[in-house]
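Structure first, then comments.
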Amino acid sequence: MNFANFPWLSTIILFPIIAALFLPLIPDKDGKTVRWYALTIGLIDFVIIVTAFYTGYDFGNPNLQLVESYTWVEAIDLRWSVGADGLSMPLILLTGFITTLAILAAWPVSFKPKLFYFLMLLMYGGQIAVFAVQDMLLFFFTWELELVPVYLILSIWGGKKRLYAATKFILYTAGGSLFILIAALTMAFYGDTVTFDMTAIAQKDFGINLQLLLYGGLLIAYGVKLPIFPLHTWLPDAHGEATAPAHMLLAGILLKMGGYALLRMNAGMLPDAHALFGPVLVILGVVNIVYAALTSFAQRNLKRKIAYSSISHMGFVLIGMASFTDLGTSGAMLQMISHGLIGASLFFMVGATYDRTHTLMLDEMGGVGKKMKKIFAMWTTCSMASLALPGMSGFVAELMVFVGFATSDAYSPTFRVIIVFLAAVGVILTPIYLLSMLREILYGPENKELVAHEKLIDAEPREVFVIACLLIPIIGIGLYPKAVTQIYASTTENLTAILRQSVPSLQQTAQAPSLDVAVLRAPEIR
């Protein structure tokens with residue numbers, strides 16, 4: 001059977017959304033049928049993603065593939081336009097994988113399960129759409145689509161301060177989204193041609209002053225999601241009140257939307273401004289790494305400690321994408337994928353621990369590892385992954401960013417030494433706060449009342465399965481990173497070459513390849 005013209009991405013996006021609409025029709029009193037229905041939909045969509053990847057994606061092609069383009073509003077060239085390249089395909093795979101596991105992690109949810117899984121499936125399709133759409137206005141719509149499910153999940157199934165956390169989340173993200181809308185309209189209507197097509201917009205000459213204005217606005221919008229200091233304060237509050245599956249989606253997917261958008265739009269569509277903003281991104285990345293690591297060390301709430309750890313790790317993404325080297329840009333992509341897996345595993349463990357101890361305060365834990373051997377092993381392994389132990393994905397990703405930036409000829413040797421030193425301080429702080437966290441949770445001082453509690457049972461098969469599914473790719477990438485880097489290498493190398501042509505100090509040495517716009521654009525279907 002020939003699948004060359006099959007609408008893979010439209011199917012992947014719309015299938016979970018359409019399936020969610022049938023959830024209210026399912027007769028279910030105890031929530032079991034709804035759980036299995038949602039899990040089945042998640043698995044089927046993930047299988048479709050994997051099938052599309054193996055049948056229609058070419059590693060060596062840096063341009064968009066699996067392209068579909070259907071005219072929506074002809075007057076302004078508004079289209080349902082989707083496609084995947086090296087920037088988006090790995091994150092689409094990551095979304096399908098983590099969301100399916102998050103549905104399985106949501107098994108204990110008993111309050112309004114139909115609504116909960118309905119929102120989960122909406123997020124599934126919406127998140128993939130963010131990574132796949134190639135129309136600026138459509139991107140804005142899908143970006144906004146994420147706000148409603150996340151807000152409702154936080155405000156209905158969150159903790160005591162859930163309304164505060166949910167409101168803060170939506171105010172930050174909606175405020176940032178205004179910059180996306182303004183930038184989309186400005187870029188679309190600038191010049192002689194009115195178009196929202198990203199490829200066509202990338203060919204427009206905005207002039208450096210307008211590029212800088214657009215870049216600054218988009219940096220604020222995407223910096224909220226990444227998040228970048230000082231736009232990060234919503235994240236610890238959101239994580240502090242969210243449930244385990246919501247944690248997995250926040251850390252595993254939602255933060256990656258910010259990193260992806262910075263690469264796709266700021267770097268890909270505004271390369272001259274990205275070159276000038278490079279030092280700013282590097283400094284912000286170092287601030288993220290060091291500040292968040294120090295703040296995480298001071299946290300006594302387990303969820304907030306891991307949340308600040310996530311902020312710290314995302315600093316490497318900023319440094320990598322501003323290194324203007326193939327290795328650094330590749331490391332930024334790998335760090336997003338790696339942290340998606342590691343962050344999801346850590347927050348799943350937070351949820352599993354809270355279900356047993358009913359506390360998030362480290363002072364009230366202690367000694368639980370003696371009674372729960374599987375939980376002990378799972379916590380230890382996930383923490384080793386987070387502190388970038390050699391042989392795990394985090395080590396490879398951070399090493400690539402370090403070496404990529406240290407060897408970058410876009411910055412002076414003095415600046416590179418200072419940045420590498422400061423980032424190394426953050427790396428040293430990571431095992432300090434993670435190992436101290438493990439000591440307080442698993443060892444002592446022992447909370448005798450907690451350890452003696454009859455509900456303090458070890459991990460069940462479902463929990464072991466979820467963690468095993470996350471640890472296998474974490475270790476696999478650590479041992480053989482090429483399995484993942486080859487998916488996006490041609491695209492990131494092409495992007496880096498174009499960016500290097502925009503760096504003032506490299507303009508005479510960098511030769512950027514020309515993009516074949518005909519390949520990036522799909523034939524019009526009316």
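Cβ coordinates are placed from backbone N, Cα and C, and glycine is handled just like the others.
Taken from Swiss-Prot as is:
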- 36-56: transmembrane segment (TRANSMEM)
- 91-111: transmembrane segment (TRANSMEM)
- 113-133: transmembrane segment (TRANSMEM)
- 137-157: transmembrane segment (TRANSMEM)
- 169-189: transmembrane segment (TRANSMEM)
- 212-232: transmembrane segment (TRANSMEM)
- 243-263: transmembrane segment (TRANSMEM)
- 275-295: transmembrane segment (TRANSMEM)
- 332-352: transmembrane segment (TRANSMEM)
- 375-397: transmembrane segment (TRANSMEM)
- 417-437: transmembrane segment (TRANSMEM)
- 464-484: transmembrane segment (TRANSMEM)
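Tertiary neighbourhood of the transmembrane segment (464-484): same-chain residues 90, 97, 101, 104-105, 334, 337-338, 341-342, 344-345, 348-349, 374, 378, 381-382, 385, 390-396, selected by CB-CB distance under 8 Å and a gap of 6+ residues from either end.
Of the recorded ranges 91-111, 113-133, 275-295, 375-397, the transmembrane segment (36-56) has the largest number of C-beta contacts under 8 angstroms with 91-111. Tallying C-beta pairs under 8 angstroms between the transmembrane segment (417-437) and each of 113-133, 137-157, 275-295, 332-352, 375-397 places 275-295 first. Long-range Cβ contacts of the transmembrane segment (91-111) within its own chain (Cβ-Cβ under 8 Å, at least 6 residues beyond either end) map to 12, 31, 35, 38-39, 42-43, 45-46, 49-50, 53, 84, 117, 120, 123-124, 127-128, 131-132, 156-157, 243-246, 248-249, 252-253, 256, 260, 336-337, 340-341, 344, 348, 351, 355, 462, 465-466, 469-470, 473. Counting residues 6+ beyond its ends, the transmembrane segment (137-157) has Cβ neighbours under 8 Å at 78-81, 109, 111-112, 115-116, 119-120, 122-123, 126-127, 129-130, 163, 165-167, 169-170, 173-174, 177, 180-181, 184, 188, 196, 198, 238, 241-243, 246, 249-250, 254, 257, 261 in the same chain.
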